[in-house]
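Written out below as structure tokens is the structure these notes cover.
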Amino acid sequence: MFPYPTLNYPPMAPVNPMAYRDPNPPRRRWRPFRPPLAAQIEDLRRSIANLTFKQRAPNPPAGPPAKRKKPAPKPKPAAPKKKRQPPPAKKQKRKQKPGKRQRMCMKLESDKTFPIMLNGQVNGYACVVGGRVFKPLHVEGKIDNEQLAAIKLKKASIYDLEYGDVPQCMKSDTLQYTSEKPPGFYNWHHGAVQYENNRFTVPRGVGGKGDSGRPILDNRGRVVAIVLGGANEGSRTALSVVTWNQKGVTVKDTPEGSEPWSLTTVMCVLANITFPCDQPPCMPCCYEKNPHETLSMLEQNYDSQAYDLLLDAAVKCNGRRTRRDLETHFTQYKLARPYIADCSNCGHGRCDSPIAIEDIRGDAHAGYIRIQTSAMFGLKSDGVDLAYMSFMNGKTLKAIKIEHLYARTSAPCSLVSYHGYYILAQCPPGDTVTVGFQDGAIKHMCTIAHKVEFKPVGREKYRHPPEHGVELPCTKYTHKRADQGHYVEMHQPGLVADHSLLSMSSTKVKITVPSGSQVKYYCKCPDVKEGTTGSDYTTACTDLKQCRAYLIDNKKWVYNSGKLPRGEGETFKGKLHVPFVPVTSKCTATLAPEPLVEHKHRSLVLHLHPEHPTLLTTRALGSNARPTRQWIEQPTTVNFTVTGEGFEYTWGNHPPKRVWAQESGEGNPHGWPHEIVIYYYNRYPMTTVIGLCTCVAIIMVSCVTSVWLLCRTRNLCITPYRLAPNAQVPILLAVLCCVKPTRADDTLQVLNYLWNNNQNFFWMQTLIPLAALIVCMRMLRCLLCCGPAFLLVCGALGAAAYEHAAVMPNKVGIPYKALVERPGYAPVHLQIQLVTTKIIPSANLEYITCKYKTKVPSPVVKCCGSTQCSAKSLPDYQCQVFTGVYPFMWGGAYCFCDTENTQMSEVYIERAEECSVDQAKAYKVHTGTVQAVVNITYGSVSWRSADVYVNGETPAKIGDAKLTIGPLSSAWSPFDSKVVVYGHEVYNYDFPEYGTGKAGSFGDLQSRTLTSNDLYANTNLKLQRPQPGVVHTPYTQAPSGFERWKKDRGAPLNDIAPFGCTIALDPLRAENCAVGNIPLSIDIPDAAFTRIAETPTVSDLECKVTECTYASDFGGIATISYKASKAGNCPIHSPSGIAVIKENDVTLADSGAFTFHFSTASIHPAFKMQVCTSVVTCKGDCKPPKDHIVDYPAQHTETYTSAVSATAWSWLKVLVGSTSAFIVLGLIATAVVALVLFTHRH
């Protein structure tokens, strides 16, 4: 920031001009010793210079004042004793000055942000951005600016905004917006805002009500977002914002559960009085002062949006200073108390246990479970104490040390944390869960059946958390006790008979009332008499069995459990926050050893050595994906076929890898016949075998035919002379028919005679057929030289128009290259390369499904009477009345009657707490749009990452050029009409429609959002008759269809999609699908063209391929020599589709040569090269590549390739010519003999 170091000597006035002198100059290099006189002269010169500078120097700044000596203490006279002075006030710590970035943000915000006033207070803010004023729609009030308040605003309810044009005098002084939002930190009124994963977040507690409308700025003071609200997500708050995309279109991003941040006060109700929820009236304003009234106030506002504010105000007692974590969260559970409930297994059978297990949740990873019991932890009867737990010891509350608590499955569990009714533990796998404690010599425990298992993360089934590996998203129960928006339902406890309140006084039954309490009594002697008393009361009954006394406990809540009876009459409900809620986090997962990879010709061999069961998935990147999915448990070796289209495999938690096959092979297509056969046999084994068999068959047929013709001709010649004795054969026939001389009987004798008497003639006789064969071969070669060529050539890609149109393959990374030719101008090089392509369908969210939770309210037990069900609009609500029940409570009878009692049992479905982090979304998918990001180069202009729509209609402005691409030649999409999104995976799944879900299958629980009230459930829920002597609500239902679908969901679309598609979310899209072709049209501006007279003219072009490896990434090297009219730059391009050139242009001298690289799929390429306006043909032979498989796709097209090399064609012509020569020779001999015989006869 400061380029110069601080001076450590008094400043001097510089001599104009004076260069800066470094106080710490670099060391000088060694110099020879100077004479003493020269050194003295130099020192004198420096001293004079210093004196001159010092005379011009200004006065140095004053230094610190000198320390004064303390005077000797003088003896003071004895002063009279004064009162003790109060301690001095504590000096307040000075607030730290904000940083430069924050100061700039605050200044810009204060100048261009205006408060919105409502009833004399700030309700939100409006900001002026880009010539318009933006005001949140949910913020009521008037802008505190006369000019802006007079503007007529337009409403955009979809974005929760109002906007209008600012006056002309204010347009020059407005904030500018930007769509650039790289991940990092931004500024707003309260400090830094973090932007990551397309979300703006701030630490929890930073920002809140009244901050709606504030802008978020980048370091250059540009607005990147406008805040509308927020949602608490654990330790951070996700902001609901309005942003702009790259096209300047407004985009609203609202996290789940976000609330608008206007400062409008939410009102609560108490009886007929309304009051601000954060300021309850003084009568029930504090739980410690008025517990019953406070609970009633909370129950009446159960459904209020500001219930949390009211609960917080009631617990903190309005202005009382509290400790941060302990008092804020633990004190909520001081409104509740433990209870005794039924437990099916207490170690010795069924019992009423003080630590009965209500619920167990084990949907998190890494073996964590959350246990809900009837005991309470971290609380005592007199307040909060983390070292204690409390439970009901009969009718009294008792507290013991928490160290006596334990939990176990197949082995002891590790207690991680505890709070209220809940325990967070990490347990080993097991089929049962036991929770207990020891109170002196008495042991209390409760065991229920619940399967606990370790749930690994990712694609490897490890059994213990690893020390290191890869971080993957997972679900955990947060260790914090902070409220997370999840509640546990509470209510005031029902009446339970307490026989200790009854005693005999003389001959009458006396009811003893504890101090400050009320007791409800019910007596039958013989008339029924009931009532409520706050003091001791003596009845007219003479037997204790004739009365029941119930202690009314309306100062504490208990959990709304199905194991407790409900109070009589209309009972209101309350709620407290659930601790240890499931949240999305990061877990360390194992990373399987890398596979040992072996590359072969068109084959990939993987040697796998898993340490635990590991998933291996593969797919081909062509039109037929051929996906495979298998769990590997033992070391094994697997083989896969790899083609030029590509192959992808994913091993365990490693990222997917893609490989492509090259046209490698043994042998040499330009070598000897056996090398050619080996080469083609490795590439095309079946075709090579068929070709060789065909050649052998042709040779055999040719030889047999030739021999038969010659034999037939000879017989025709010799037969007439055999019939005439002593006939003399003409010389011509003797030569043609090889007539045996009289001195030899057969061929062997003739050859023996010639060998012994005239070897020269013997060799001449042998060479005659060979010479004839060679002559025939030459004749056939001349006939076949004009046959079909073995190379196919693509059409030229040049264009002779200002507007250039072409078709390019839809393959990412493969550039399209061409020379755009325009009359009178030099050719302009054009290159278009796809960076990414996106198929974005129109997705309509049908519903969200997740795991359900069965809610069992406390049953209504009517003693000696009947009750009935009432209709309720709850999901899958079931209600049934059972008669003839005889419940017991803690060992005593609950009712007088034996068979006239009734119980109304209720049960319904609600979302489980895990739904916030573990849910599936069902979408209906329709035809969407195709977008692409392209890199374009024309001439000397390059444009990177241009966004275009691939629809053939929407042009994109690329500098001064206009580009229109699309539509795709194939209207294809990897998505079916119905898809399911689960986490980061997408599945094609035919889910049921909304409202038609079946029990035990996908969609048994449906809702539009995670917080909406349109919850639908079908779980085959059936109520069962309660057992005698037990207060409970038994039921049966189908297992969760969502959990069943998760086990049977199969492979995600990302593992089975053809054409190498990568499936992504937000929004739902398929990226980089190599399907079809893309037509394109580009209008190139005149400025990109150069007059042909200004470019060099090239002549005498000669091209020589120096090195070539076909089917390899630019494995060809060629050199072109030239002569140019002048030096300059020339574009180079191959108009043939056989080769792809790496270079775009070259720099030419007057004469010389340049080298370029090319890629081709032909083994004998012959392609044209255009340099400026001149064209030369390059030819050469290419060798096969050495690498069988590579990790990059081919840069050339394989549509036009040579199947057979020129050398192979030459050998094939020789073979065909040789075999044909035998037939031709026989035909010639037959014709000559037939002609001679015909002439002889006539």
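Glycine residues also receive a Cβ, built from the backbone N, Cα and C atoms like all the rest.
Disulfide connectivity taken from Swiss-Prot links C1178 to one of C1073, C1103, C1108, namely C1103.
When Swiss-Prot is consulted, the disulfide partner of C915, picked from C794, C850, C863, C864, turns out to be C850. Within the set C1130, C1182, Swiss-Prot assigns C1130 as the partner of C1172, by disulphide bond.
Helix, strand and coil residue tallies for the domain 'Peptidase S3' (112-261), in that order: 14 helix, 77 strand, 59 coil [DSSP]. With respect to Cβ neighbours within 10 Å, the recorded positions C717, C864, C1103 differ, and C864 shows the lowest count. Comparing local CB density within 10 A for the disulfide-bonded residues C895, C915, C1073, C1108, the maximum falls on C1073. Of all the disulfide-bonded residues listed here (C879, C1130), the one with the fewest other CB atoms within 10 A of its own CB is C879. Cα-Cα distance from C1061 (disulfide bond) to C850 (disulfide bond): 28 Å (rounded to the nearest whole number). Under the DSSP three-state reduction, C717 (S-palmitoyl cysteine) is assigned to helix. Among the disulfide-bonded residues C850, C863, C869, C1172, the residue whose Cβ has the fewest other Cβ atoms within 10 Å is C869. Listed in sequence order, the residues of the same chain lying 6 or more apart from C1178 (disulfide bond) and placing their CB within less than 8 Å of its CB are C1103, K1104, V1105, A1118, I1120, A1139, P1165, A1166, F1167, K1168, M1169. In the three-state DSSP scheme, C1061 (disulfide bond) falls into the coil class. When the Cα of C850 (disulfide bond) is compared against those of the recorded positions C717, C864, C869, C879, C1182, the shortest separation belongs to C879. Following the DSSP three-state reduction, the secondary structure of C879 (disulfide bond) is strand. Considering only the recorded positions N272, C897, the Cβ with the fewest other Cβ atoms within 10 Å is that of N272.
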